[in-house]
Every structure is written in C-alpha cells, then in structure tokens.
Amino acid sequence: MAAGGGGSYDPLAPAGVPCAFSPDSQAYFALASSDGQLRVWETANNRLHQEYVPSAHLSGTCTCLAWAPARLQAKESHQRKKRKSEVTGTKDQADLLALGTAVGSILLYSTVRGELHSKLTSGGHENRVNCIQWHQDNDCLYSCSDDKYIVEWSTQTCKVKCKWKGDNSSVSSLCISPDGKMLLSAGRTIKLWVLETKEVYRHFTGHATPVSSLRFTTIRPNESQPSDGITGLYFLSGAVHDRLLNVWQVRSENKEKSAVMSFTVTDEPVYVDLTLSENKEEPVKLAVVCRDGQVHLFEHILNGHCKKPLTSNCTIQIATPGKGKKVTPKPIPILAASFCLDKMSLLLVYGNWFQPTIERVALNSKDTHICLERDISNCWAPTVETAITKVKTPVMNSEAKVLVPGIPGHHAPIKLPPAQPKEAENKRKLGSTEATIEERLGAMDLDRKGRKDDLQTNSFAVLLTQGLESNDFEILNKVLQTKNVNLIKRTVLRIPLRVVIPLLQELTKRLQGHPNSAALMIQWLKCVLTIHASYLSTLPDLVEQLGTLYQLMESRVKTFQKLSNLHGKLILLVTQVTASEKSKKMTSPGQKAKLVYEEESSEEESDDEVPEKDSDDNWDEDEDKDSEKDEGVDEDNEEEDEDMEDKEENEEDREVSSEKELNGDSDLDPENESEEE
C-alpha cells in the first residue's frame, strides 16, 4: 500500500492496515484500525490528535484512505476565509482525508473541524472501495472498486462526474501521472488511461496477483524521448503475495510491454514510499515495509533495462532489548515508513496499531543492516489474556426469572446460593450437640444418578461458536455430527450473526468430503439458509462468500439425473441377481400329478429291438419291390403303345378294303380269309 493511497489489506496481519502520512510537512499520521475507527497522530510528539468513529464503522469498515494534496488544501483554505462563521485564516482548514469503505461509499473527514465534511455515495460504487487518488490540480478524486469500475468524483458537488469500466475483474490500485493528464489503474494487468477521453493509452503485463501499490518514480521524461509529458516516465508496482516490485517504463506502442527492472524484498510489501527523481542523473530512493516487519531501502538510477532483480542497500529492524542472559530480544514490527523532506532521514512507525510509536531515524549510507533496540513495554498493547479477563459472567438472583438464553459464547449465569441464617456461622456454641459423620453424609444427598442436571439451552450454540472462532476440529465434529433435526434448528437459531458466514464456509468444505458426512451437512445448510436468509441478503459481498457453495450445488444438480438413472439400473441388476440366487437355494414342494403315463416294460422294448434289425432287410426288400413295380409299369406302357399302333394299322386296312369293295375289286382269297379268321 503506497503512501497517500489505499489498497487491499489483511486485518489479521501485523501490517497492512490502511494508513498514510499527511503530504509535504508529514505533520500527521492517519490510520484506520480493523475495528473501523480512524485515529490521527502527531508525528512530532507522538500524541493522539483526533479519533473518529463512523456511524457504520462495524458494517462499513475503512478499506483505504488518502490525504488531499497540499495545493488543493491551500485553495480550499482561501475559499473558506470568505466566510465569517469560519474565520480562522489557517491553511489547515481544508485538511481533508478521504476514507473508502467496504460498502462502496467514500467519506471526506476534516481533521481541522474534527467532523465529517461530506459523503460520496450516489451513483458510485456497489462494492468495496480499494483505492482513492486525489487530483493535484482540481477538486476531483478518483476511486476504484471490486465492482470493476473507476469513478471520477467532484468534491464540491459530491456527485459523480464520470464512471467507466476499468477492467474485467476488480480494480485494486490507482495513480495519477505528474502532469495530471494520465491515470494508471491496475487489477492484475496495468492500464494507462487518458483522463480527457477515458481511453486506454498503453497496456502493461502486470502481476500474477492483484496489484496493491502504484507510484510514479520520475517527474520528467528523458531528453531523448518525445516530449508528450508521459513517454519515458518510470513507475513502480507491487502486488499481493509477491516479493518483487517491478519498475515499468512508458514506451512507444510497438515496444516491449514487460518490466525493465525489479526490486526483491523478503516478504510481501505492505507500505511503499519513495523520493521522486527530477532528472535522469538523480537516483530514486525507495523504502519498502514488508509484512515481516522489516524496512528495505533501495537507491538506484533508473536508466534502461536491468536483467537481475536488485537487492536492498540497507535493512532496518527494531527489537526489544535483551536484559540479562535469560531474556531473548523480540522483534518489533515496523508498520510504516516515509522519507523526510531532507531525504536523509526516515520516519518510522512501529509497535501496534492501537498505540504506535513514531520516531525519526537518520540514515547512514555505509551501514547495510541497522537493528534498533527500543523498549515499548510502556505502550499499551492488548493481548489475548486481557481480552479474556474482560469477559465477565453475569450474576443473577435465584428468584429472578430468565426469559431468554444467555449470550452465545458466554458461560451460563451463576445463581446466588440461598441466604443462610445468622445462626449457621463457623463459630461453635458451647454445649451444642454436633452431628455425626453418618448423619452428615445422609444429609448431603450423594445419590445423583437419579437426578439430571438442568441442561443449558444454548450449549450447542456456544460450542459451535467456540469451534468456529478457534477452528477446533474436535468441537466442530461433535456439534456438526448431530442428526436431530430439531436440535439443529435450535442451534442455528441461537448462533450469533458474526459466525453465519464461517459456518457456511465450514459446511461447504465438509460437503466436498465424504458422502456420508455430506448428507448431514445438507441438513445444517438447509437450516442456515432458511433461518438466516434475511441477514445473508444484506451482505454486499454475498456472491463472493457463497460462490463456491453455489458452484458446488450446481455441479451436484447437473449430475443428479445421470446418477438417478444409474441408481435405478443398479437396483434392477442387483434385484435380479439376488432373486436368482434365492430361487436356486429354495426347494420345490412335492406335488401329485393328475395324469400319469406309463411306457411299455423293458422286456417288450428288448423284443422290439430284434425286428429293428429285420426292418433293415425289409427296407431292402421293399426297395426291390418298388423297382420291380417300376419296371412292370414301363412294360405295360410299351404294350399299350404297340396296341395303339396295331389299331391304327387295322383301321387303315379297313379303309383300303372298303374302297376296294366300292370299286368291286377284291384281293382277298378264300385261303387268306381263312387265315385271317
């Protein structure tokens, strides 16, 4: 996170909270803690100057902040002198501080008046504000958000002047060029915009993770470059979970778009400050605060491409003094660092965010490693033990009637013992009879097996809350493996709202595990979504929080039809296999037949076997007879043909004889006639 701007942060980390030094004089140091409060400290005497708590500091926590530039402050101060009601005549009247929130609104806070100056909401962002940049010449400021848009605001009218889409994903960082005509924006890729036309001038490769800081390192381009005010300038970029800070140069469109050089540090950079180079011979001084609490100092002349990453010239650490041999020095995290006006000293902010220590340290160019011993035992630093001791258990009278269960996360109310009469004192009276041990044991009612202790109605809710806050696997298993639906509903109804999202995340993680546990988690998920639907609908980042769960449910629903078909087929196959196995094992009951057919005896069968041999001979004889019959038939046919021929000849003879008779001729002799007869 660069000074004067805001970036993404992790509230649980020792560093990474939105903070910034006031411009030019660095008289104030502003930081927004994770509890939503804004604190302004005086750097000269390390005294708390102001403290401001926004009305919606719990739901809309501060995500980034930026001081108004000194030039704009002087202009605002001159305008305010005209008012009689605010005749202060000081330049600090317009020390405005812009605060970006998690719900998309921007607050303008006046450190002089100690109250809210104005609020920018209408027509702006719909999601978390990641970075704010003031324009150095006019009354505009620019903001970017997770909703992918960049918004140009007017601080006088508190309205949107222009709004355009900056990237396909969330835009995490902004930076205005020294001449005020260009704007750098970054998500994962870096874009250079022309503010007048809102068009992209150049594209840069960027980082693999979201960019958290952008800073121009030079004011004027080199003399060899075209004098368009932007070509040839260098700027610096740092990203989340990236130990390299890349340096880019604005070149012509046809040239390479990768980084010209890079600086390497020991951990992720959380705060970056630098001194601008006014000419090509002046080196750039860079101070990088890492998440591990160290400060790395670099000094390099930007002149073209450099292949190897550059290491720091000096490293600064702070530790507690080791008093004696038994006491080990402990490191003190450095939270922020900024160069002073002389560029030879450094303002360090270290300790904790509730009571930071601000110190000015002189730089020595000869030392490569500086370790400062500081005692911060006098500074108030809340610990876990002090937080636990502040939780007090309410004491209730035995006659009081409790209408609602106790607050989840606290112990059950402790009832006062019944008031004892004054006679039951420890003092013994002379002459009084003392009860025996047997009588005392009988009065103590040691038989507790028949009795049942009064169960706390909120015990499961308390266990679930403690398990989610401490991430205790055993406690979560004990609670989430409950199969009683009524108990699940009562538990979900009593949990506090702050653990609803962690509970949904835990259920989503368990839904991806074993199928047996997933069936139980569905009951919990159904109760949570049903009971706390109104609360979930008010969350601004609900889509990101429940995106994994939604995709998981969609994938399960898409495969449900196929799984049901497969389930039906498998049931059919298994049923048939089991039925066939059962039928084999079962014995059929004995039944009497209505009709019995008895075949011939075996003796008759043996007699019948002998003719079977003769049947072959008979078969041959039959074949011979058939062949003879066929021959006889052929002979008969031949005889019939001969008879027919004889008949035809006789008819012809008769015709001849009849003709002769008609003619009177007769060739027949008596002898021949007798022969014929």
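Using the three backbone atoms N, Cα and C, a Cβ is placed for every residue, glycine included.
Per Swiss-Prot, these features apply:
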{"type": "REPEAT", "residues": "57-119", "note": "repeat 'WD 2'"}
{"type": "MOD_RES", "residues": "S77", "note": "phosphoserine"}
{"type": "REPEAT", "residues": "166-205", "note": "repeat 'WD 4'"}
{"type": "REPEAT", "residues": "207-258", "note": "repeat 'WD 5'"}
{"type": "REPEAT", "residues": "266-308", "note": "repeat 'WD 6'"}
{"type": "CROSSLNK", "residues": "K308", "note": "SUMO1 cross-link"}
{"type": "CROSSLNK", "residues": "K308", "note": "SUMO2 cross-link"}
{"type": "MOD_RES", "residues": "S398", "note": "phosphoserine"}
{"type": "COMPBIAS", "residues": "581-590", "note": "compositional bias 'Polar residues'"}
{"type": "REGION", "residues": "581-677", "note": "region 'Disordered'"}
{"type": "MOD_RES", "residues": "S588", "note": "phosphoserine"}
{"type": "COMPBIAS", "residues": "598-654", "note": "compositional bias 'Acidic residues'"}
{"type": "MOD_RES", "residues": "S658", "note": "phosphoserine"}
{"type": "COMPBIAS", "residues": "664-677", "note": "compositional bias 'Acidic residues'"}
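Sequence-distant contacts of the repeat 'WD 6' (266-308), counting only residues of its own chain at least 6 positions beyond either end whose CB sits under 8 Å from a CB of the stretch, comprise 1-3, 9, 13-16, 19, 178, 212-213, 215-220, 222-223, 234, 236, 238, 240-243, 245, 247, 260, 314-318, 331-339, 343, 346, 348, 350, 363, 365. Note on the repeat 'WD 4' (166-205): DSSP counts are 0 helix, 20 strand, 20 coil.
In the three-state DSSP scheme, K308 (SUMO1 cross-link) falls into the coil class.
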